[in-house]
Amino acid sequence: MIQHIENPVVEVHDLMVSYGQNPVLWNVDLSLPAGSLVGILGPNGAGKSTLIKAIMGLVEANSGYSKLFDQELNQVRNKVSYVPQRESVDWDFPASALDIVMMGTYHHLGLLKRPGKKEKELAMDCLDKVNMKNFAGRQISELSGGQQQRVFIARALAQQAELYFMDEPFAGVDMSTEKALIELFREMTAEGKTVIVVHHDIYSAGKYFDWLIMLNMHLVASGPTAEVLTEELLTKTYGGKLSTLADLGEIIKKSGFNPLKD
Amino acid sequence: MEDFLYFFSFQDPNVLMVVIGISLLSISAAMVGTFTFLDKKALVGDAISHAVLPGVCLAFMFSGNKNPYWIVSGAFFTGALSTYVISWVARYTKLKEDTVIASVLSIFFGVGIVLMTQLQQTGNASLSGLDHFIFGNAISIVREDLWVYGALATCIIVVLLVFYKEFKVMVFNRSFAESIGLPVKRLDFVFNSLMVLAVVTGIQAIGVVLMAALLITPAAAAKFWTDRLSRLLFLAVLFSLISGISGAYISFSLPHMPTGPWVVVVLSIIAFLSFFFSTKKGILTRWVSRRKYQSKIHRDHILKALYQAEEHDKKGLPQKDIVDNFPGKVVKTHRTLRQLKKKGYITNDRELVALTSTGNSEAKRIVRLHRLWELYMTEYMNIAPDHVHESAEKFEHIITPELERQLDKSLNFPKEDPHQSIIPRDQNKP
């Protein structure tokens, strides 16, 4: 069940991505409505992170394209924010929580300009929104996993974007923080912003999200939560990979070159 | 002493020139090195500093003299080539990066040594001092060298300051940097070039191989003292300056001393001092706090023994019994008893050691933590009552007042531990 909409905020057209020789996403084609809280669901290795990385231009697509606000990514970068997985960075980096959140203001600043008082106030506000104001001066390696995650989200807030892609923002976060974050995302979508979250708990997904994308290397479903959260689609998503896709992937892997790359 | 005054009063313009040169190159190397270190590219820096040698030799072969322009170009060429080869091979083969770096390093350096031996056998008089490029000789810097190396170092410093925040984001979180539209590939290229340039600026004064130390060690030493990037940069620059200038001084005052090794010796001393004496993560600090913790454990155990004696309706324990209780720790026990007496926790008239009222409430606290933790383990972690003592022996020393309140709350202020011993509380404090 793949529902397309008019005037989407995100449009992905026939996107195909492989890592090296290994195809991870097959012909994903979807559109997402503005102002919604979107969950990306799927088992490990389903290509959830890859999908948002490909949309953000962080991994190269073999074919297909994506458009944000009906434009190329480069034209709307100021309106888009990306939250990488917490484990993707070395938290031993010499910086305070505030330093990291300030990074969210960098692309508005441009070259040569240093962040000043205005940026610092903005960063403090954002830390406050995720309940981390008291930890502003703390060295980031001394924060717990959940606190580090909140620092990342505060940094995204400091970007003052319209569209947010978050890669597993609830990993390592306790239940009450997760609830508070969902509350925050709800406030953001109520203001017309769009928040897209990689998630893997199907039980909470039903409660959290307006719209669900279900992935299992190919797109299983994309549509309003109430319509796509069905037994049948969940089985398709989580009930093992399509064996033909896996076999084809094996052949490509062994071929010594990648026929998908033209 | 005369040497010292002569050198540091800078009355000799040559000395001044050497100091300016070595300062600029120390600053630039430490700054580039800080980012190299944080980006975990220390090995690449090492490879580059070996790989500039064949470039230096080739420059000699072509120009026939020690013209700094040729030397710098040659060194830059092979240095840059090595980084390119490393990333190319690592990308297109299945070899792991450390393997590639180690091979590239030895191949380039090997070629360099072959070329150098070849050159030295020609017996060309203008080639004397070629080996300065291996160990460095700051004193041999002439005006023309200073212009070339100084200008390069200044360039590096300016570029790093201009792109400070860009490099900071890129090193910390590359994918985020890319997502906000930073040209990470071009910045990578700029940074790799800076790394090669930083090595190149040091070849005359420090020597090719030892430049790797000047890149990485200042940042590594500074990391022991701070956890902010700006301070890390500042300290790395400071350490590097100190060792650069003292290295130059030593090779000035002692005849025939190369500069590079002395710079590295001073730098290593700074690094070792940081390693041992840093207030944050130094070995000594950790050793001291471990010792403190161990004496706290011993103190806690004595207080506990006295409290348990009171529980059995004894007034106290004879000092001899206490000492016998901790075999092998006679001196330590005596010392701890003296400390406890000084703090007013116990009275001790040799016949009988007894708790004072402050000592009693401190002892109660420890016993309480022990028994609370035992109860918590049986209640919440389903551990049998006869298995909890060992763990409680350890945790009674570390549970903080906040954790104690938390335990009390989740256990609903219990009266007895799993072995039906009373959990002692101070009457006046709820």
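Here the Cβ of each residue, glycine as well, is placed from N, Cα and C on the backbone.
Positions annotated as transmembrane segment by TrEMBL: B:15-38 (among others). With a threshold of 8 Å between CB atoms, the same-chain residues lying at least 6 positions outside the transmembrane segment (B:15-38) that come near it are 6-7, 44-45, 138-139, 141, 143, 145-146, 149-150, 152-154, 156-157, 160, 167, 171-172, 191, 194-195, 197-199, 201-202, 205-206, 211, 214-220, 222-223, 229, 232-233, 236-237, 239-241, 243-245, 247-248, 252, 259.
Sequence annotations record features per position, and here TrEMBL assigns transmembrane segment to B:43-63 (among others).
Here TrEMBL flags B:69-88 (among others) as transmembrane segment. Residues 44, 47-48, 50-60, 62-63, 97, 100-101, 104-105, 108, 112, 133, 148-149, 152, 192-193, 195-197, 199-200, 203-204, 208 of the same chain lie 6 or more positions beyond the ends of the transmembrane segment (B:69-88) yet place their CB under 8 Å from a CB of it.
Panel annotation: around the transmembrane segment (B:100-119), residues 43-44, 46-47, 50-58, 60-61, 78, 82, 85-86, 89-90, 93, 127, 130-131, 134, 208-209 of the same chain, lying at least six beyond its termini, place a Cβ under 8 Å from a Cβ of the stretch. The annotation transmembrane segment is assigned in TrEMBL to B:100-119 (among others).
Per TrEMBL, transmembrane segment is recorded for B:146-164 (among others).
The transmembrane segment annotation in TrEMBL covers B:194-220 (among others). Long-range contacts of the transmembrane segment (B:194-220) within its own chain (CB-CB distance under 8 A, at least 6 residues past either end) are made by residues 18, 21-22, 24-26, 28-30, 32-34, 36-38, 41-42, 44-46, 48-50, 52-53, 56, 68, 71-72, 75-76, 79-80, 83, 109, 112, 132-138, 140-141, 145, 149, 152-153, 155-156, 159-160, 232, 235-237, 239-240, 243-244, 247-248, 258-261, 263-264, 267-268, 270-271.
Beyond its flanks by at least six residues, the transmembrane segment (B:232-252) meets 3-4, 7-8, 15, 18-19, 22-23, 25-27, 29-31, 33-34, 137-139, 205-206, 214, 217-219, 221-223, 225-226, 258-260, 262-267, 270 of its own chain at Cβ-Cβ distances under 8 Å. For B:232-252 (among others), the entry in TrEMBL reads transmembrane segment.
According to TrEMBL, the transmembrane segment annotation covers B:259-277 (among others).
Averaged across the domain 'Iron dependent repressor metal binding and dimerisation' (B:356-424), the predicted model reaches a pLDDT of 87. The domain 'Iron dependent repressor metal binding and dimerisation' feature in TrEMBL is assigned to B:356-424.
Remote same-chain partners of the region 'Disordered' (B:411-430), defined as residues 6 or more beyond its termini with a Cβ less than 8 Å from a stretch Cβ, comprise 307, 311, 361, 364, 367-368, 371-372, 374-376, 378-379, 385, 388. Among the features that TrEMBL reports, region 'Disordered' is placed at B:411-430.
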Next on the checklist: DSSP-wise, what's the residue breakdown of the domain 'Iron dependent repressor metal binding and dimerisation' (B:356-424) into helix, strand and coil?
Outcome noted: 44 helix, 2 strand, 23 coil
